[in-house]
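Copied over from TrEMBL:
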DOMAIN    25-546  domain 'Cytochrome oxidase subunit I profile'
TRANSMEM  53-71  transmembrane segment
TRANSMEM  91-115  transmembrane segment
TRANSMEM  135-162  transmembrane segment
TRANSMEM  182-202  transmembrane segment
TRANSMEM  214-244  transmembrane segment
TRANSMEM  276-295  transmembrane segment
TRANSMEM  302-322  transmembrane segment
TRANSMEM  334-358  transmembrane segment
TRANSMEM  370-391  transmembrane segment
TRANSMEM  403-429  transmembrane segment
TRANSMEM  441-466  transmembrane segment
TRANSMEM  486-507  transmembrane segment
Amino acid sequence: MSEAYAAPDPKELRDHQVDGPELTTRLARTWGTKRGLIGALSTVDHKIIGRRYIVTAFLFLFLGGLAAAAMRLQLARPESRLIGPDLYNQLFTMHGTTMMFLFAVPVMEAFAVYLVPLMLGTRNIAFPRLNAFSYYVYVFGGLMIWVAFMLNIGADVGWFAYVPLSGPEFSPGKRADIWAQMITFTEVSALAVAVEIVVTVPKQRAPGMTLDRIPLFVWSVFVTSFLIIFAMPAVMLASTFLILDRLIGTHIFNPAEGGDALLWQHLFWFFGHPEVYIIFLPATGMVSAIITTFSRRKTFGYLALVLSLIATGFLSFGLWVHHMFTTGLPQLGASFFTASSMMIAIPNGIQIFCWIATLWDGRPVFRTPLLFVLGFFFIFVAGGLSGIMLASVPLDTQVHDTYFVVAHFHYVLIGGAVFPLLGAVYYWYPKIVGRLMDERIGRWHFWLAFVGFNLAFFPMHITGLMGMPRRVYTYQHEMGWDNLNLLSSVGALVFFLSFVVFLWNVITSARKGAVAGDNPWQAGTLEWATSSPPPPQNFDRIPVVTNREPLWAERETLSVAAGLSVDNRELIVSTVSEARADLRESSPEPSVWPFIAAVATGITFIGSIFTPWAAVWGSLIVGVTLIAWFWPKGAKEDEK
Ligand code: HEM
Ligand SMILES: [Cu+2]
């Protein structure tokens, strides 16, 4: 954008020329968000967008949880007639799709959008308008699939939508079309956020934040963003092929016409396996942050942790075939993927070792965030063990598509991601809201969640070994699975109850919690160097970093960089490895066009479910909104 290159006005006010409250109010005016609906829709503040993102993702968790509750209610008794097979198919599809596409990935990106600029000591994320756009796209995509479900045209082909079942022959009607377009659509949003992070992390770090001083949470979302950039296009390609097969009669997945049904599975799992790590890696970043702060000690093995993140990222792409062991692949290939599936246990093991060493060596303070991390250890290790069992072809062949698998991946997903995430909410809530969450209710929440979770999912290992297949809406009394299923359902109920307690804590603490102050946990990283909640400009002056935990090293005397404009949105662009301040660049102003562009994109995608021409006309409209979005407002200044 041209305004970025406008020559600085020598008369303009810089931040070393004003001080104290005047500096704060002037910067807040420059970076603030306008009041009213238009202001809310055009904001580009990463904190406002991040907060919305987090809340929206938790709303989708609630919807996905409702679907799970309905399933568990149905499965509580044998031969139950509560829910028929058709609705059950929709329920597990909605549950899986919502949890994976609308909750787990977005919530991690949401935390990144909120935290990364604060942790890096900068004033906004790179491409703030794209950030706004991606949030709206995410909301519209999620709404689209849930509205379809309410209208009884919900997807019913599973979150993996295997062809030919999801193809035109076996899934007539609009259900699979809606699913396919929603996937492509929401992944646009995931990709956009990944791109923002991949640029923000190397280029916008506070002066002095060299590569080995980047907080581990930032490293984790940085690596994750690359996984998103490489993995998501595979599933977008797959869903686009699917809609082409369904809508305009191509035969990409149709073997009878020279297509290939297995291609779907390869594309889907090339995305689907890294997906697990897209969810899990940011969670490890959260774990590292919490462990370091609450054991009051520098993270043990920082370099080993960073390298494990990167190694996990690479390895996760070599594993997709273990989801396809029963499709009759060549023997040698299967052996290779077995070996690499087991190999991924190595970096995971290293991470766990470093965390335990940090705790061991420190003086751990057992507050709620740390409790959730300990719960994570326990559940995740159990999930890892059943995973190693599944990585072997003979066992996988036995328990393939049974509840053993359901048990395994809930251990990994909930233990590996949801527990750290809940810890992260307790940990960063005071920064975001300005008040602490209640500790006593937090403990209740943790124990209900921990007990409920294990009660719900541990018995599924056994029902699975006893042969209960997944994705069945009922079973017969003669099979002998009654008691275990009832136990699972009761456990699920307790688990849900824990979320009610959680919600209660979140809501009441916003008004009645203890006022947090800047740094209630005495943490070491930069997000705690500003007030809680942070002002629109994040920092009055950009900190200069000489240490991995700057707030531990020089508590009161953090030095600062000076020279940024007070009345224009300027931020520091730094060099990639040494993070030397390189140049000043202006960050885009608020604009309502990303919102309008998202609406136009949404209409295009919905239209294309009904006619391929919508893609053509829609693109034209989207093009117009993009022109308005990028229209150079700074042209006037250039002329000066
Ligand atoms: C709130 C507690 C949860 C309960 C009680 C629950 C329960 C279930 C059940 C019973 C199924 C099996 C459906 C079937 O095969 O018939 C299932 C499938 C699944 N769950 Fe969950 N779940 C929960 C949370 C989650 C979370 C947090 C995630 C992801 C982050 C998740 C991801 C999935 C996936 C991907 C499937 C596979 C869906 C499919 O086969 O299409 N679940 N869940
Ligand atoms: Cu996998």
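Glycine is no exception: its Cβ is also placed from the backbone N, Cα and C atoms.
No contact links the transmembrane segment (53-71) to the transmembrane segment (403-429), because fewer than 3 Cβ pairs that are 6 or more residues apart lie under 8 A.
Tertiary proximity for the transmembrane segment (135-162) is limited to same-chain residues at least six positions away from its ends with a CB under 8 Å from its CB atoms, namely 49, 52-53, 56, 60, 63, 86, 89-90, 92-102, 106, 171, 173-176, 178-182, 185-186, 188-190, 192, 239, 242, 264-265, 268, 272, 471, 594-595, 598-599, 601-602, 605-606. The stretches the transmembrane segment (403-429) and the transmembrane segment (91-115) are in mutual contact, each linked to the other by at least three Cβ pairs under 8 Å (pairs 6 or more apart in sequence). In the predicted model, the domain 'Cytochrome oxidase subunit I profile' (25-546) has a mean pLDDT of 94.
Using a Cβ-Cβ cut-off under 8 Å and counting only residues 6 or more beyond its ends in the same chain, the transmembrane segment (302-322) has close neighbours at 212, 216, 219-220, 223-224, 226-227, 230-231, 266, 269-270, 272-274, 276-277, 281, 284, 288, 329, 333-334, 337-338, 340-341, 343-344, 346-348, 350-351, 354, 390-391, 396, 548. The list of residues near the transmembrane segment (182-202) in space but at least 6 beyond its ends in sequence, with Cβ under 8 angstroms from a Cβ of it, reads 97, 101-102, 105-106, 109, 112-113, 116-117, 120, 122, 125-127, 130-131, 133-135, 137-138, 140-142, 144-145, 155, 214, 218, 221-222, 224-226, 228-229, 232-233, 235-236, 239-240, 243, 576, 601-602, 605. Beyond the transmembrane segment (91-115), the same-chain residues lying 6 or more positions past its ends with a Cβ under 8 Å from any Cβ of the stretch are 46-47, 49-51, 53-54, 56-58, 60-61, 63-64, 67-68, 70-71, 83, 125, 131, 138, 141-142, 145-146, 149, 154-160, 179, 182-183, 186-187, 189-190, 193-194, 196-197, 217-218, 221, 224-225, 228, 275, 278-279, 282-283, 286, 413, 417, 421, 424, 428, 432, 471, 527. Within its own chain, the transmembrane segment (370-391) has Cβ neighbours under 8 Å at 283, 287, 290-291, 294, 322, 338, 341-342, 345, 348, 352, 355, 364, 399, 404-405, 407-412, 414-416, 419-420, 422-423, 426, 442-443, 446, 449-450, 453-454, 461, counting only residues six or more beyond its boundaries.
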